[in-house]
Amino acid sequence: MTTRAGFVALIGEPNAGKSTLLNRMVGAKVSIVTHKVQTTRTRIRGVAMEGEAQIVFVDTPGLFQPRRRLDRAMVAAAWGGAADADIVVLMVEAHRGITEGVERILEGLTEIAKGRTVALAINKIDRVPAEKLLSLSEALNARFEFARTFMISAERGHGVADLRKWLAAELPESPWLYPEDQIADLPMRMIAAEITREKLTLRLHQELPYQLTVETENWEERKDGSARIDQVIYVMRDGHKGIVLGKRGETVKAVGQAARAELEEFLDRKIHLFLQVKVRPNWLEEAERYSEMGLDFKDGN
Ligand SMILES: Nc1nc2c(ncn2[C@@H]2O[C@H](COP(=O)(O)OP(=O)(O)OP(=O)(O)O)[C@@H](O)[C@H]2O)c(=O)[nH]1
Ligand SMILES: [Mg+2]
């Protein structure tokens, strides 16, 4: 039996649908998804099987012009993901087309492309009429030599099976890299923190989600099969703490309930989740915060 295996990095602008595609490929939610940009902060691996091939998808933070230290570390992690992969899939949003951001990514791709296959996935095709897709595909292929172009809807699943089959065939012959039943390569405490951050991002408005981070501080297994998880939400200002807590603590309570429900489903067991909000004016400049997120602090320099 010839097995194949390798890494496929999903790159693109923030909000392109990378995490949605990863989750669909894996068949489980391993990477958080929101309607806001800059949701994913680090590289997240999800494993999918296709016949005798094991495809390790690498979800990456969106590529954009970084300003803050955290932004720079995120963008470095995204390009690093592409540079380590056997195949790179650039995701472009069908309805937005070739934005300035896409142009910049295409420039960066030329460097990364050396010695690896790069495919194009035009995503969110459910949002545009079919006629528009052909001209967008032509325009993108005129700018970069993609090995293949796929028209997909990561959310609805259109075109996803074709993409997966093609990727499987393109991967090098290799033994599998993960046990066959493993779907993610992220410590459980980090997945748990990400779930809480997703619920916070969905609930909070404006800039606040970009200025907070969530860490799992403690995970205690209980005799009855349940687990107690303690998490800290770090914010930068007193005012932010008030917003996260909400009136009489209503906001953080609702976030905690939503996160707990999802964690219980994911882990298939009872979870006791305790959230605490701490003000930490300088967390964006603390190396430990970055390592907790799976980012390299130095990349943010
Ligand atoms: N209509 C439509 N929406 C989609 C599709 N794929 C993803 N979305 C939506 O696009 C938004 C962003 O999706 P994500 O998967 O979080 O995007 P991302 O590229 O991971 O974003 P960052 O992590 O911020 O870089 C979410 O609201 C998704 O539901 C699609 O095929 N069609
Ligand atoms: Mg994402």
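We number each residue from 1, going along the chain as drawn.
The backbone N, Cα and C atoms fix where each Cβ goes, glycine too.
What TrEMBL records for 4-173 is domain 'Era-type G'.
Per TrEMBL, region 'G1' is recorded for 12-19. Below 8 angstroms of C-beta separation, residues 31-33, 35-40, 44, 59-64, 90-93, 96, 99, 101-102, 105, 123-124, 154-155 of the same chain, each at least six residues beyond the ends of the region 'G1' (12-19), sit close to that stretch.
Counting Cβ atoms from all protein chains shown, N15 (GTP binding site) has 21 others lying within 10 Å of its own Cβ. As annotated by TrEMBL, GTP binding site applies to 12-19, 59-63, 123-126.
Annotation source TrEMBL lists region 'G2' at 38-42. Non-local neighbours of the region 'G2' (38-42) in the same chain are 14-15, 18-19, 31-32, 59-62, 64, 70-71, 74, 77, 198, 201, 210, 293-295; each lies 6+ residues outside the stretch with a CB under 8 Å from one of its CB atoms.
In terms of DSSP helix, strand and coil, the region 'G3' (59-62) has 0 helix, 1 strand, 3 coil. Sequence annotations record features per position, and here TrEMBL assigns region 'G3' to 59-62.
A Cβ distance under 8 Å defines the sequence-distant neighbours of the region 'G4' (123-126), meaning residues of its chain 6+ beyond its ends; these are 12, 16-17, 21, 91-95, 133, 151-156, 158-159. Residues annotated as region 'G4' in TrEMBL: 123-126.
Here TrEMBL flags 204-281 as domain 'KH type-2'.
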Mean of the pLDDT scores, which run from 0 to 100, over the region 'G2' (38-42): 96
Cβ neighbours within the same chain of T60 (GTP binding site) - under 8 Å, at least six residues apart: A9, L10, I11, K18, T40, R43, A77, A78, G81, A82
In sequence order, those binding-site residues of N15, K18, T60, L63, I125 whose CB lies under 6 Å from ligand 1: N15, K18
Coarse DSSP state, helix versus strand versus coil, of K18 (GTP binding site): helix
Filtered binding-site residues, from N15, K18, L63, I125, whose Cβ is under 6 Å from an atom of ligand 2: K18
